[in-house]
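The block underneath contains the structure these notes are about, expressed in structure tokens.
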Amino acid sequence: MEVCYQLPVLALDRAVPKHVLSRRGAISLTSSSCLFGGRSPRQLSKRRGAISYDSIDQTALYIRMLDVRLGNFRSEIRGSTSHLSGESEDHASNRKQRSKLSLQMYLQCSRSFHGTLTFRHLHLLDQVYYGQAKCMLQRVGTWNFDIFLFDRLTNGESLVCLTLELFCKYGLIELFGLDPLRLHSFLVRIQEGYRSRNPYHNSLHAADVTQAMYCYLQEPKLSESLTSWDILLALLAAATHDLEHPGVNQNFLLKNDHFLASLYQKNSVLENHHWKSALSHLRESGLLSHLHRMEERLGSLILATDISRQNEFLSRFKAHLDRKDLNMSSPEHRQFILQMALKCADICNPCRPNSLSTCWSHCVTKEFFQQGDVERAHRHDVSPLCDRHSNSVAIIQKSFISYVVEPLFVQWARFCDTPLSHCMLGYMNVCASCSFQWPSENAFKHRAAAMLQQFNGQA
């Protein structure tokens, strides 16, 4: 079945545009209701997906859903319960439906097991994502990669699509003998494990961190020394580092005697929860059951993202750089550098181009203010930076960059000393020099375009 991948998604009651009629050779010629799970096409008018065209009734457009359900070809979904912000049954049902494997994906993966396709030529990216999303992935290693646009083009499946692409780029599927279906199912579980109602700590943030980690893995000092095992752990840690984040910080959990605080003895509560959740999904999927000694290393990477341990890691990093004793042939030192890389990827938003950093600033501020509203409603002391009446995006970002981002990225630039590391500092300094009154497009281009062009030319 052919699908017109790059046409916009239209409601069923809209007339067929002329440009659609002129491209009938690239449009599906089926209108079978079985592809839609037996539902009425009218009920699918608000769903997103590719467009198929009925050649008999030229007024009908059918939307090819991502959650095609044929026979028993379903991916298992591990439901997660929210203790802080419950989700409605309809919302949870919609999230589960989106995670179903499409028929096209199933058929492609099935053919690989019968020897007609090799892993090298197996396109794990589902057919509905071809077109503009596929073109974007060709530049996945550039620092100005627009993860917001990519998420829209992939219908909210950015974490799954991007991580699969990176696994294929590094040849990890073939190298480690991973089951493609289990890998896809695992990533779907991970994506669904992130709470979409969180303005910031959601699957889009995880996809952004994974893309940033890929950029760092391409840095010469890392790319020349890291093993495939290191790369596998780095990508897994980036994709799962905030898994099942409740949308509040650790202090909130401690003040409210949340069960997670007791479970992890008030020590890196959120990070321990992310790590254990990732292990739960890994064990349940059986993806890496044939590989050993990876759980502790994965945990050390995720636990390093605890912001309360920032000074500990930064002091150790600076000491290594001062002594010039980092040895990338040492597994211990490589693990430490991966920890620092993940820490940078986790908080790199102010070092992105202005259009992206501004979006992230509003997302994280909105999540902070939501926590402050909950604290005020329960007559608790509002946490610092969470009071919408005494804070703003500018105030929060200024504090964040001054005390957290700048000290870390200055040392990272000392270590890498590459166009990318200095490009990130340049973007950060542009925002700082403008006193967080976000610069105009022209002003920003004059001060940062040269650095970005230099990096993109070498990427």
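Glycine is no exception: its Cβ is also placed from the backbone N, Cα and C atoms.
No curator has checked TrEMBL annotations; they are predicted automatically.
These numbers come from a predicted model, not from an experiment.
Over in TrEMBL, the protein carries these features:
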ACT_SITE  H201  active site, proton donor
BINDING   H201, N202, S203, L204, H205, D242, D346, Q397  AMP binding site
BINDING   H205, H241, D242, D346  Zn(2+) 1 binding site
BINDING   D242  Zn(2+) 2 binding site
DOMAIN    125-459  domain 'PDEase'
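Where TrEMBL records a feature, it is marked here on the structure.
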residue	record	CB count, 10 Å
H201	active site, proton donor	24
N202	AMP binding site	22
S203	AMP binding site	24
L204	AMP binding site	23
H205	AMP binding site	24
H241	Zn(2+) 1 binding site	28
D242	AMP binding site	26
D346	AMP binding site	22
Q397	AMP binding site	24
Greatest inter-residue Cα distance in Å for the AMP-binding set H201, N202, S203, L204, H205, D242, D346, Q397: 22
Pairwise CA distance, D346 (AMP binding site) versus H241 (Zn(2+) 1 binding site), rounded so that it is a whole Å: 9
Shell list (Zn(2+) 1; ref centroid = CB of H205, H241, D242, D346; cutoff 8 A): H201, A206, V209, A238, H245, H274, T305
Nearest of the binding-site residues (H241, D242, Q397) to the residue listed as 'active site, proton donor', judged by Cα-Cα distance: D242
Segment-level pLDDT (mean, integer) for the domain 'PDEase' (125-459): 89
Cα-to-Cα gap, L204 (AMP binding site) vs H241 (Zn(2+) 1 binding site), nearest whole Å: 12
